[in-house]
Structure formats: structure tokens, C-alpha cells
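Engineer: Pulled these from TrEMBL:
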COMPBIAS  523-541  compositional bias 'Polar residues'
REGION    60-80  region 'Disordered'
REGION    517-573  region 'Disordered'
TRANSMEM  24-42  transmembrane segment
TRANSMEM  90-107  transmembrane segment
TRANSMEM  119-147  transmembrane segment
TRANSMEM  186-206  transmembrane segment
TRANSMEM  226-247  transmembrane segment
TRANSMEM  268-294  transmembrane segment
TRANSMEM  314-334  transmembrane segment
TRANSMEM  375-396  transmembrane segment
TRANSMEM  408-432  transmembrane segment
TRANSMEM  444-465  transmembrane segment
TRANSMEM  471-496  transmembrane segment
Amino acid sequence: MIRRDYFMTFDSWAPIYISKLPNLLWALIVLLIGWIIAKAVGKAVEKILRKTSWDEKLFGGGRQPADAGTPGTDKPTGKRPDTNELIGKIVYYILLVFVFILFFHLLNLGSVASPFLGMFGTMLGFIPAILKAALILLFAFIIASLLRMLVVKGGQKANVSGLMQKMNVSDSDNDSRKFLQTAGNIVFYLVMLLFIPGVLAALNIHGVSGAFGGMLENMLAFIPKLLAAALILLIGWIVAKIIRELVTGLLKTVGTEKFAYRLGLQKVLGDTSLSSIIGTIVFVLIMIPIVISALDKLEIRAITDPAVQMLNDVMTMIPNIIIAILLIAASIWLGKWVRQIIAGLLQRVGFDSLTRNMAIGGWKPGTGGMLMSELVGYIAQVLVVFLLTIQALNLVKLGFLVTMLTAITAYLPHVLAAVIILALSLIVANIVEKVLSNILTGPSFKIITSVAKYAIIVLAVFMALDQLGVAASIVNSAFILILGGLALAFGLSFGLGGKEFAKNYLAKLDKTIEETEVDMSKKPNSSGNQAIDPNANNMNQYPGEGTKIDPPPQAPEGNLWDKGNPSQNGPDM
């Protein structure tokens, strides 16, 4: 029973589907043929556009040879999308939508075809706007291309490359051609930008076109200001460069390089000439007001006002800077002059001989080393330059450096006092050592001379440290503790367990002192000079070191050399 109902149902709906089969086949054939046609038309449009190379002319190249990209193709290998392929696919999908509309209508599927039909109608209604925008773009492209060609060809005809090479803007003809090509491209894209609001308005994209149009108006209003500022800079740069060359040549003619050599500036300047430096300074001084004027033309207050204020401050400081430079140059010359005067004066008064004889340093005249007088002269030169440099820094309002250098200057007298104390202590210590060495005899007289010498030096070191203010409390305490410690140790040695040791040590010291006597044969003669032993090989040879000095043959009554008067003699040696 069920089987019979099934066949009755099949017999009822089978003729309906069989009657629809021709429409289905026809719709499939139309779909297939339409797809083929849409594909062919899309490829044809792509090839036609590719042969015209319109995208390269509009967007500036980007195409590579066939062997540089995909084999057998001439598609771009860069990241920029292929415009020709994009337009071909758009045409393909538009035709494919139309084919699907026919396909669904042949199948009597109006409900399915209605959305596609509405979309296709919208696209067809949009085609006039697209054509209008395309015509505007084409017109803009033609005008922009003509202007670009005019800029490039006009620049070549006007020999702009030669002018640029004369002005040192470019180094070769290739650079000049690149510059002209860049200028032409700038003009091309500026013209294309002018037509963008019209294209957007033709496409009924008013929200974007209004904002873009306002931006373009502001940019067009700014272009004249930019051109005026660029023209001011160009003319000012040319004038400043000409003046720089004139100033440099004039200074070379009047002998500026010889003057710089006399001042010793060649060590500071190196290979750069003084005339070229002054010419560059003049160039900068001319360019500063020109840059200020150019920035005023731009009228960008947020940027130009701080820049103009800074340049005005620089212009205000320029006189002080020039005076400071002249002051430093004068300090170098004055310091050199002071050094020569002081060194010559010290040499004339015998300062070098004094320091050499007193064993200060290792400088010896005529050996190629620096003399002490020359060292003092160099120190004086440095002080002169240092003091005038402080004044120069004060002129340019560098307060931090002025404060720091002023503090150093205030400390210099203490340093000078410490140096003088040490120098005098060395002189006095050497004098005392030589005097004691010449008048004392005995096996241990060197100990006494050394103690006297180094006691003077140690005392001077403490005095110098006190002048320098180096841990004054510690230095004073250390000096007092040393003296107090010696006195306390000396006192305790007599009252405590070291009594016997102190007694023995003092006995030895007393014996040493008794064995040391004054040699009257080495006392100065009436002329103030030291008596010279004819048997001695060196006038500075100490007694007891290979030279024996006999006492006078006849000593007057009461003389220390009178051996017959024990009451006036020292202990028996």
C-alpha cells in the first residue's frame, strides 16, 4: 500500500520537474557563457590598460622587467598594487553580477535575483559619477604632465644645471637632472592635488571632499608664504656667500695668516686658516637676520616666535661674543709678552743658578730642558690668560663658569703662598745642610745635618698644608701630636722602665755630639768666601771623606784649637 502511494506521488511531481529541466539547462548555459565572457572582458581590459602604461605615468613607475618578476609576466614586483589588474577584476565582477541576475531570472527566482538587481542598479547609477571623476582625473593628468614637462625641459633649456654647479648646489650634470626631475614631480603632484576635491565631489563623497578642500585651501594659502621665505633665503644665501668670499680674500691679502702665526694660533686652528674662519663668521652673521625675515614670512607663530626670539638673543649677544673673542686673543698675546719679560728678568738676577745650586729640581741651563725661570714665565702666562678668560666668560653671561673660575682664582693666592713656603724651605734647608757640613767634623756629622734639613722641610710642609686649607684641623692636630709625642716620649724615658735605655742612648748621643766639632779652617775668609783646601779635589767635599784638614800651626791664646788649654778645649777626641 505504501509502495503504491509512493509511485502515485512521484507520478504527480515528476512531470513538473521535467518541465523545468530545459529552463535549468538554459540557465546553466547562460551562466557558463556569461562567466566566460566576464572573464575575457576583464582580462582584455587589464591588457589594454597595461599596454597604455597609464599607471606608470600617473604613479611614477614601479614596473620591473619580465625576468625580474614572475616569469612570463611584466607585473610589478614591488609592494604597490597592480592598478591594471585591479580595474580588470572590477569589470569582471560587475559583469559576473549581471550574469547571475540573468541566471536567477531564467530560473524564475525573483526573490533571489532582487538583491543582485538592486546592487546592479546602484552600480549602474554610479557609473556616470565614476565617468565624471575619471574625466576630471584625465584632465588633471594631462595638465600636470604638461607642467612637469615644461619644468624639466625649461630647466634644461635655461641651463639650470650649469648655474647650480656654479653656485655649488650640485656637483655634476646628473645631480642637476635629478633635481629638475624632482621639481617636475613636485609640480605634477601639486596639480593633481588641486583636482582631488572635484573628483571626490563628482563621486558624491561630500564628507571627505569638504575636509580635503579645506586642507587644500590652507595649503594653497601657505604656498605663497613658503615661496617668499624660500626666495628670501636663496637671495640672502647668495649674497652672504659672495661677501664671505670677498672678506676671506681681503683678509688673506692683508696678511691675516702672518698675524695668526705670530700669535701662535696655528696650533689651535690646524689646517683651517684664520681668514676663512672670519669669513664664515661674517657669513653666519649675515644669514641670521635673513633667516629671521624668512621665518616671519611663514607666519607660523608657534614655531617662528621662539625661533625668532632665539635668533634675536643671538644677535644681541654677538657684540659681547666678539669682544670676548678679542679679549681672549689679547690675553694670549699679553700672556706671551709677560712670560718673556718675567723669564728674562729672572734669568738676569741669577734665579736659575740659585735654584740649581740649591738642588731645586733637575733643570740645568744649556742642556735642552726647561729652566726654572721659563717655568715661572709659563705659569705667569697661564694666569694672565686665565684671568682674562674669566672676564670674557662674564661678557657672554656664562654665570656658572664665571662662579667656578672665580672660586679657583680666590684659591690661587693660597696655592702661591704654599709654593713659596716650600721653595724657601728647600732653599733654607739646603743652605743649613751645606753650612753645617762645612763647619762640622766627626764620624756622625751627616746625621745632624740631615736632621736639621728635614726638620725644616717637614715644618714647611705643615705650613704649606695649612695655607692650602687641606684638612686644617687634622694637619694642626698631627703637628701638635708629633711634637707632644716626642716630648712625652723623651720625658717618660727618664721616669719609667726605659730609664737605663734612655741613659745609654743619651750617652751615645752625647758622645756623638762631643765627637762633632767646628772646623775653624773651613770658616769663611775676610772676603766672605769659603777657604779652599788646596789638597781637596772638590770644594764641596765634606771633611772626613778623603780630605784631612790639619789645625793651624799656631793658635792664639784661647782658641779652640789650643790643645794646651784643657779648660777651653772640648772633650778629648
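Placement of Cβ uses the backbone N, Cα and C atoms for every residue, glycine included.
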Engineer: Is the transmembrane segment (119-147) in contact with the transmembrane segment (186-206), using at least 3 Cβ pairs under 8 Å (sequence separation of 6 or more) as the test?
Structural biologist: yes
Engineer: Counting only residues 6 or more past its boundaries, what in the same chain has a CB within less than 8 Å of a CB in the transmembrane segment (408-432)?
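Structural biologist: Tertiary neighbours of the transmembrane segment (408-432) are 354, 358-360, 383, 386-387, 390, 449, 452-454, 456-457, 459-461, 463-465, 467-469.
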Engineer: Cβ under 8 Å, sequence separation of at least 6 from the ends of the transmembrane segment (24-42): give me the contacting residues as numbers and ranges.
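Structural biologist: Distant Cβ neighbours of the transmembrane segment (24-42) are 88-89, 91-93, 95-96, 98-100, 102-103, 106-107.
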